[in-house]
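Asks: One structure coming up, written as structure tokens, with questions to follow.
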């Protein structure tokens, strides 16, 4: 259909109106065309180009995906609560549940929440810009995640599911081992998720480099802003490698290529190199935004500026660079040359240096400060303790000779859940409890939030600490049965999982009460007593010059009518 609004000519039918709006109304009412304008609600939430609304959508999506991923994890722990078959007789189904749990939590819970949710909501505020650099690109970045999630759900529920683990290693992901369409759907879902992340990363980088207000130099940017830009660079550099690897798996499965088929001259180890060249930066993509949040929260909760701001920035940069140089520590058992293993051991141990700088800087920020144990501060301190434990088990696994024994045991599961399930997730909750009054303009029950922290803290520790002992006894991961000797620690671990689910349910009740009974909050709800909460001097000295606290709660759709200036 051709509509020429200049000549008022629609498919040969002439109208006598002069203005564009009247023209469109007549076109809508003409018998051969039905076009319904979106309602205000649809336009705000489906067609949004506002960073705050898109950030809210990301957080809602992450909450839904997190509940799905938690449900899968409980199924795993219920099956492992005793030796023999408990609930899941089919090992392929068990492996499909493990794959679904990992992918839901990594790609659809942590990344959308930490990068998409907090990144979109806060970044324009932190740089003093009106919005993101590419608002409509921002919208498609979010809406690509919805079909991506649907593809993963379909892949888990049709035929035998994708029982490959999140790593998708061939030949297990090849056409002979997984003959149905499940793995293909999972690969398409990963492609969509990757495109979404790359578009978002380009948007974040452009926003930070081009939309800062005068006076907000890069060396004055809040640490969360630095965390987002470093994460975005990691995404841009690593995701294309994953896309290439899984596309080769796709063509091996469907077009008879032999990239990873030994019979045709391919090499499955090549896929492991490609996957982990993405996979190791990916774990830093998950945790670096958490570093930014924890720095902000500890500064606010201590009443001090962050100790060693520049050191924190360059530590994050170092972690990002080194993250690309250590991928083969996931592959010590594939037959690497001894010199290669020596290099990857040394490089992996070096990553502990910038990580240690960050941990000691957080402790130094707390030292001598007036600590306020608000819910976000509790989660931040919990993060520091648990992330340190996870880092120490990582130092053990970095050694090639030890990892040959620990590879694919529950020691590895315990290690990465301490840095993710208690690192990234505790950072997420810390950021949620710090900024959700700003986002919604409503207060929540602080006592209930502290109870949530303690239930979750006990639950996750009871779940994952015993897994270190199972790993030391060499219990293999991704296997649904085990000898009776492992029964005790597995039962404890499963009880901890149920406690974590109770904590998650309790968290949902806190959100419900906040939305139904929450009172309106001031610009800076964390200042006690709230006598001078609108005074700029107080806001800046109390919270490390973060601009978002100068705005109303919730901020207006376009926060800055004129550019803020920072001297």
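The backbone N, Cα and C atoms fix where each Cβ goes, glycine too.
Taken from Swiss-Prot, the feature Ca(2+) binding site applies to 79, 84. Under the heading Fe(II)-heme a binding site, Swiss-Prot lists 101, 417. According to Swiss-Prot, the O2 binding site annotation covers 284, on the basis of similarity to another entry. What Swiss-Prot lists as Mg(2+) binding site is 407, 408, and the listing cites similarity to another entry. Residues or ranges marked as heme a3 binding site in Swiss-Prot: 415. Swiss-Prot lists 56-76, 103-123, 139-159, 185-205, 221-241, 274-294, 306-326, 344-364, 377-397, 416-436, 451-471, 491-511 with the feature transmembrane segment, giving sequence analysis as the kind of evidence.
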Asks: Residue 84 (Ca(2+) binding site) to residue 408 (Mg(2+) binding site): how many Å between their Cα atoms?
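Replies: Given the Cα positions, residue 84 (Ca(2+) binding site) is 20 Å from residue 408 (Mg(2+) binding site).
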Asks: For the transmembrane segment (377-397), I need the partner stretch with the highest count of C-beta pairs below 8 angstroms, choosing only from 103-123, 274-294, 344-364, 416-436.
Replies: 416-436
Asks: Going by Cα-Cα distance, pick out whichever of the binding-site residues 101, 284, 407 is nearest to the residue listed as 'heme a3 binding site'.
Replies: 407
Asks: Who are the chain neighbours of the transmembrane segment (344-364) in space, where the CB to CB distance is under 8 Å and they lie at least 6 residues beyond its ends?
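Replies: Distal contacts: 291, 294-295, 298, 306-308, 311-312, 314-316, 318-319, 322-323, 325-326, 328-329, 332, 336, 380, 384, 387-388, 391, 394-395, 398-400.
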Asks: DSSP secondary structure for residue 101 (Fe(II)-heme a binding site), reduced to helix/strand/coil, please.
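Replies: Reduced to three states, the DSSP call for residue 101 (Fe(II)-heme a binding site) is helix.
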Asks: Comparing the binding-site residues 79, 408, which residue's C-beta has the most other C-beta atoms within 10 angstroms in this structure?
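Replies: Comparing the binding-site residues 79, 408, the most crowded Cβ belongs to 79.
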Asks: How about long-range neighbours of the transmembrane segment (491-511): same chain, 6 or more residues beyond its ends, C-beta under 8 Å?
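Replies: Apart from its flanks, the transmembrane segment (491-511) reaches 66-67, 70, 73-74, 77-78, 80-82, 429, 444-445, 448-449, 451-452, 455-456, 458-464, 466-467, 470.
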Asks: Which residues of the chain, 6 or more past the ends of the transmembrane segment (221-241), have a CB below 8 A from one of its CBs?
Replies: 115, 118-119, 122-123, 126-127, 194, 197-198, 200-202, 204-205, 208, 212, 274, 277-278, 281-282, 284-285, 288-293, 295-296, 306, 309, 312-313, 316-317, 320, 323-324, 544-547
Asks: Using Cβ atoms and a strict cutoff of less than 8 Å, what residues sit near the transmembrane segment (56-76) while being 6 or more residues removed from its termini?
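Replies: For the transmembrane segment (56-76), the nonlocal Cβ contacts are 45, 48, 87-88, 94, 97-98, 100-101, 104-105, 108-110, 112-113, 116-118, 120-121, 142, 145-146, 149, 432, 439, 497-498, 500-501, 504.
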Asks: May I ask for the distance between residue 417 (Fe(II)-heme a binding site) and residue 284 (O2 binding site), taken between their Cα atoms and rounded to an integer number of Å?
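Replies: The Cα atom of residue 417 (Fe(II)-heme a binding site) is 14 Å away from the Cα atom of residue 284 (O2 binding site).
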Asks: Near the transmembrane segment (306-326), which residues from the same chain, at least 6 beyond its ends, have a CB less than 8 A from one of its CBs?
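Replies: Residues 219, 223, 226-227, 230, 233-234, 237-238, 277, 280-281, 283-284, 288, 291-292, 295, 298-299, 344, 347-348, 350-351, 353-355, 357-358, 361-362, 364-365, 544 contact the transmembrane segment (306-326) from elsewhere in the chain.
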Asks: Which residues of the chain, 6 or more past the ends of the transmembrane segment (274-294), have a CB below 8 A from one of its CBs?
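Replies: That would be 106, 110-111, 114-115, 118-119, 167-169, 222-228, 230-231, 234-235, 237-239, 241-242, 244-245, 248, 312, 316, 319-320, 323-324, 326-331, 358, 362, 380, 383-384, 416, 419-420, 423-424, 426-428, 430-431, 434.
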